[in-house]
Amino acid sequence: MACECEAVICCRVTPKQKANVVSLVKKYKKAVTLSIGDGANDVNMIKTADIGVGISGQEGMQAVMSSDYAFAQFRYLQRLLLVHGRWSYIRMCKFLRFFFFKNFAFTLVHFWYSFFSGYSSQVAYEDWFITLYNLAYSSLPVLLVGLLDQDLNDRLSLKFPKLYLPGQQGTLFNYKNFFISLFHGIFVSLVIFFIPYGAFLQTMGQDGEAPSDYQSFVVVTASSLVFTVNLQISLDTSYWTFVSCFAVLGSIAIYFGIMFDIHSAGIHVIFPSVFTFTGAASNALRQPYLWLTIILTVGLSLLPVVCIQFLHKTIWPSVGDKVQRNRRKYEMQLEEEEKKKKTSGFQRNRASRRSAYAFSHTPGYANLISTGQSIRRRQTAHGGNAGRRPAL
């Protein structure tokens, strides 16, 4: 019966009973709970909830010291949930989905390659590419999405509280989204492996030779993977900044810079047993049809994602998509409302302003200042009632 109510008041309960109420909701409603308190008697409740919020008030700092978040007034809870909480949920869901996707697309290429290598445990990439893939080639864009991304600004987030519902319902990351990321990674790994494999079957270079060697295949496959992963995170990014653009373009530039360095003849002379792909990148990427192979691979990997996102936002738009579509109109409405508030507040201040002049209907004591007489002497001279004003 309590769960059917919009609000339940627990009167004269102990700190332990407050924590038990939160435990009942967590156990039987399977909900993410938030507790907020300002005193030491709320510490048990704050620690029992999934998220604890403490208010630094007059009852001490015990609640603040035991909480996850702390602020000074209760009204700040609205912005904490509807703005920062919603942004944090969207960022973490994007981060986890993309993290699974890029590692599935990277790892499963080894599985497809094993069918053609005779299960000889030979890897489908260069050893240094495997080492630097998650470290330098694809980590920075997804980290910035997890830190900076936001689909709508704070004013629109507060204007439309329904945008908070996906976080309560857990719709952005669940088992369904996990398997979607899995199948997406499987599809991209198939495209990244088999299109270059088909292009290397019967090819002829400009010099009349067929560069269908293992090292050239590795270069084309790795380049297609780096382009696909970084462009895919670009499609999922909603809030673009200079840092985000630099991360995507910089990751691709770092890949080519490191690859040409470790494939150079100079570093091979210094460490001949460590860097064995001598001249592989320069020999492979000077062939125009291999660049066409990379473009075709990246295009086929991203085309289904672009079509699905277009259909989803056009036919089955979410509340966030609808607000984003009419973002400029809503922002103009907010600006007009702010102007009206400022105008009405200014008029209210002018109407409530009092006159600076004071009037008196009886003689005062201004002459005492110039004559130097005291009030007591004057009252004594007039019988003690000279300074008393008549009652109205």
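From the backbone N, Cα and C atoms, a Cβ is placed for every residue, glycine too.
Annotation source TrEMBL lists domain 'P-type ATPase C-terminal' at 64-318. According to TrEMBL, the transmembrane segment annotation covers 95-116, 128-148, 178-202, 214-233, 240-259, 265-282, 289-311.
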Spatial neighbours of the transmembrane segment (265-282) far in sequence, C-beta under 8 Å, 6+ residues away: 126, 128, 215-216, 218-219, 259
Proximity of the transmembrane segment (95-116) to the transmembrane segment (178-202), 3+ C-beta pairs under 8 angstroms: yes
Within-chain partners of the transmembrane segment (128-148) [C-beta distance under 8 Å, separation at least 6 from its ends]: 91-92, 94-95, 98-99, 102-103, 106, 218, 222, 225-226, 229-230, 233-234, 236-237, 239, 241, 243-244, 247-248, 250-251, 254-255, 258-259, 262, 275
Mean of pLDDT values spanning the domain 'P-type ATPase C-terminal' (64-318): 89
